[in-house]
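J.: TrEMBL lists 912-922, 929-941 with the feature compositional bias 'Basic and acidic residues'. Per TrEMBL, the feature domain 'Cadherin' maps to 36-148, 149-257, 258-365, 380-476, 477-587, 593-701. The feature region 'Disordered' is assigned by TrEMBL to 780-807, 877-896, 908-941, 976-997. Taken from TrEMBL, the feature signal peptide applies to 1-30. TrEMBL lists 709-733 with the feature transmembrane segment.
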Amino acid sequence: MAQMKTRTGAAARALLALLHLGCLATPAAAVTRDPPGKSLKYKVLEEQRVGTVIGRLREDAAAALARLPTSVSPRFRAMHAGGSAPLIAVREDDGEISVGSRIDREALCGSHPNCTLEFDVVILPTEHLQLFRVQVEVLDVNDHTPRFARSVVPVEISESAAVGTRLPLDAASDPDVGDNALHAYSLERNGFFRIDVRTRTDGARYADLVVVRELDRESQASFQLLLSAADSGSPPRSGSTLLKINVLDSNDNSPVFEQQAYSVSLPENSPPGTLLVDLNATDPDEGTNGKIIYSFSSHVSLKILETFRIDSETGQITLIKKVDYETSTSYELDVQAQDMGPNSIPGHCKIIVKVVDVNDNKPKININLMTQGKEEVAYISEAAPVDTFIALVRVDDSDSGLNGEVTCKLHGHGHFRLQKTYENNYMILTNVSLDREKRSEYSLTVIAEDRGSPSLSTIKHFTVQVQDENDNPPRFEKSRYEIFKSENNSPGAYLTSVSATDPDLGTNGQVTYSILESTVQGASISTYVTIDPSNGAVYALRSFDREEVGRLAFTVQAQDGGGGASLSANATVILTVLDENDNAPVIVAPALSNHTAEVPLWRHAELGHLVTVIKTTDRDAGANGEVTCSIMGGNEEGLFLMEPRRCELRTNGSVDLVGRESFDLAVLVQDRGASTRLSTRAILHILLRDHPESHFIIPDSSSQATLDLSMIIIISLGAICGVLLLVMVLFATRCSRDQKDPRHSYNCRVAESTYQNHPKKPSRQIHKGDITLVPTVNGTLPVRAHPRSPSGSPAPDSRHSHHSRQSLNSLVTISSNHVPENFALELAHATPPVEQVSQLLSILHQGQYQPRPSFRGNKYTRSYRYALNEMDKFSLKDSGRGDSEAGDSDCEMGRESPLMGEGFGEVFTPDGQHRLHPEGMVRKVSKREKRDRQEARQPERESFYSIVRLDEAVYGRVPRLGSLRSVLDAPAVRASLSRLPEQPLHSWGRSSAGSCP
């Protein structure tokens with residue numbers, strides 16, 4: 001309801017209010033406000049229809065609005081007091097002031113001459129807050145007719161009443177004010193009476209009946225005169241009453257008051273029963289004619305009758321109801337005294353009661369809150385800036401003088417302050433920024449105190465509630481959640497719960513959970529896990545397989561319900577899938593066909609010979625992926641042993657002695673799972689072979705680190721490039737040396753190309769150079785003791801016979817394009833000792849040789865490796881004099897080396913300096929030895945040759961070599977070998993040139 005203020009002396013009070021207008025402080029660059037001394041005045045007639053426009057603030061406050069930024073759209077809000085519908089309405093968008101509800105001035109302000117509605121208007125937003133005082137004066141409409149309380153007023157008067165005698169009459173009432181109020185009385189024309197209009201202290205008009213001519217009861221005993229009351233409105237209104245005047249017989253004496261008028265001061269705080277005046281009237285008559293009765297005149301108002309009482313016998317006037325200076329400052333009491341005699345004429349007097357103001361009214365506090373809602377609760381956003389307007393406070397005191405001067409204070413919290421605007425109006429503003437999460441409610445107290453003595457004060461409480469803003473994002477308990485779940489879980493299994501809290505209220509603090517989209521091995525994370533949006537429980541959507549996905553990392557987002565300005569936070573969830581023993585071992589090598597693998601085995605394999613390695617994989621981890629191998633069956637003779645951890649199958653005896661051609665071993669490969677163990681069975685079908693065969697044995701992957709495919713490719717390419725570079729360097733070096741030595745002008749590849757160009761010319765006479773004899777240490781070769789030799793170990797003999805027995809028995813290798821590269825032809829160990837070349841040829845011709853695999857170890861037999869170890873003591877890399885250099889050699893072994901010339905005289909092997917090569921014996925000669933050899937060639941042949949090789953060029957001339965016998969039967973070979981000298985091989989002389997294989 002609009003705040004109502006009724007004042008007397010309106011013009012003076014309004015001027016005083018303007019002189020006391022305060023100024024609002026303007027915080028630096030925060031809030032722009034006009035000085036609140038702006039007062040806008042409007043007028044409106046009462047009883048106007050609702051919606052009648054009174055004024056427009058946008059136009060009337062244009063000067064103040066022009067200072068606002070152009071981007072600001074001002075809003076107007078009326079700060080009405082109370083909670084009822086306001087009489088004056090203000091439209092918020094344009095500030096239009098209109099009639100909000102029916103306005104009845106008489107009901108609003110009574111007979112007060114000035115009726116003004118006052119309220120404050122705030123121009124928003126608060127960042128540019130401006131405050132205006134709006135005063136709407138309600139103008140009176142002549143809508144009331146003067147009215148008498150009684151339609152017939154009886155009047156009694158004695159015929160002996162003197163001319164000029166006054167009799168007070170009932171006053172008419174007209175609630176209108178100004179020109180519309182009661183203005184005049186008129187009495188019907190007659191010759192005996194007239195009326196005299198008088199004004200009471202409260203401004204009301206009344207009429208006295210005045211005798212203008214002596215009365216004679218015998219002539220006229222009564223009069224009926226019409227009394228009218230009229231206002232000066234337009235059009236004027238009037239009302240009337242009938243006066244019935246009775247003329248009574250004369251009574252000698254009438255009571256007489258000591259004073260015709262009395263003035264009494266009555267403090268407004270006087271309690272009921274207070275004596276105002278003790279009247280005393282006298283009548284000289286005796287008896288009943290002298291007995292006086294006191295009473296109020298018949299025309300006194302009901303208000304007086306309700307406030308005062310007169311004792312009819314004593315004439316004492318007492319207070320029966322408390323008076324209020326703020327309501328009425330004075331009263332006029334018409335009292336009459338009348339004797340008990342017949343036809344008595346009453347005596348009249350007037351008593352003026354002046355109400356004295358005392359400090360009996362406490363100050364009134366009216367709080368107009370900025371926000372709509374409960375009357376004593378103000379709402380403010382926690383995001384509001386400093387100096388935000390919260391409420392408008394107005395204090396009033398009905399007392400006068402110092403009793404009506406009021407001071408106002410604010411208690412409760414330092415976050416708020418009270419700032420005076422004008423007169424008794426104050427604003428409550430924020431002092432600091434607020435945070436609802438720290439404190440959501442403040443209880444404030446406004447204290448108003450007047451300056452009376454003693455002073456009176458009023459306390460009013462109200463609450464400021466801080467409204468929530470979405471200024472806090474959700475916060476997870478942990479930024480990283482690590483969970484572990486065994487594989488093979490059931491879909492829908494519970495994994496874990498994440499929790500985030502948001503201190504905001506309502507939807508701003510309501511957290512929902514979701515999983516941010518990502519991919520796991522090309523599939524959406526939403527196909528693996530899901531989360532309950534309301535409580536953050538994470539569930540599995542599928543059965544996990546650790547071998548497929550062992551670790552899941554996904555992001556959970558917690559988002560509040562702040563609408564368009566919602567806030568969120570993320571947390572990482574790491575799901576580690578624990579292994580279960582759900583994968584049986586798989587045998588990858590040797591290759592299985594229908595659970596069976598064929599494995600070749602040389603029947604003469606020695607004890608401990610590695611037959612094969614079972615290569616397995618198990619996708620499980622840890623002990624579940626570790627496997628052991630064992631032989632379950634087929635090994636009744638105990639000929640095989642299985643190393644459990646490395647899964648190496650080795651011989652445990654001579655398999656040739658059993659007389660079987662194959663063995664079927666049942667092999668069990670089992671993992672080491674803790675609860676359950678899974679296994680795989682296979683049959684190894686071992687086939688005995690007469691010849692050693694090369695087969696690839698898969699190494700145990702457990703001892704090797706798993707390499708990345710790209711790293712393996714890079715390393716392989718690097719190794720290939722390095723080998724190619726090394727071959728090119730060696731080739732270039734060798735060709736350079738061959739060009740410098742005229743003896744090495746023959747090129748093996750030229751011979752090959754010549755043969756390839758003439759495939760039909762196989763018979764060219766070969767020389768002894770086609771046979772290469774590689775020297776041994778000091779003409780000896782280590783004895784090769786074979787366990788299967790029927791002769792057992794030889795008995796000790798002379799050194800010469802020892803050399804003879806070892807002459808050519810050790811190793812005779814014939815290389816051929818028709819013989820596999822990994823094989824060599826060796827003399828059988830049972831071959832008798834050879835000392836002459838003719839013996840050698842005879843043995844070769846008779847076919848007393850036996851092929852032996854040369855791939856074992858590093859292509860040499862064990863006895864041959866023993867010979868190499870012995871000869872390493874006399875390495876050809878150093879002549880013993882310290883002047884040898886790397887690469888110093890007469891001969892470079894290889895397919896491109898030239899063949900030897902006629903005879904063996906050019907074969908040179910220095911004393912005790914040689915090296916065996918897998919393709920033949922390589923001989924290196926130092927520079928110093930080369931000089932010594934050129935100065936004096938010794939005819940003696942100190943070297944003992946044990947290896948006879950036929951060069952590829954020789955075989956190249958043989959059309960088709962099916963066996964070594966066909967080689968020896970070739971005419972060219974037989975012719976060349978027949979010319980060899982018949983002498984002991986150990987006596988052959990030193991050759992000056994090396995030979996190439």
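Just so you know, glycine gets a Cβ as well, placed from its N, Cα and C.
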J.: Are the domain 'Cadherin' (477-587) and the domain 'Cadherin' (593-701) close, by which I mean at least 3 Cβ pairs under 8 Å that are 6+ residues apart in sequence?
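T.: Answer yes, regions in contact.
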J.: Which residue counts does DSSP give the domain 'Cadherin' (36-148) for helix, strand and coil?
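T.: Split by secondary structure, the domain 'Cadherin' (36-148) comes out as 16 helix, 45 strand, 52 coil.
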J.: Could you break down the residues of the domain 'Cadherin' (380-476) into DSSP helix, strand and coil, giving a count for each?
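T.: Across the domain 'Cadherin' (380-476), DSSP assigns the residues as follows: 4 helix, 52 strand, 41 coil.
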J.: When the pLDDT values for the domain 'Cadherin' (36-148) are averaged, what is the result?
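T.: It averages 86.
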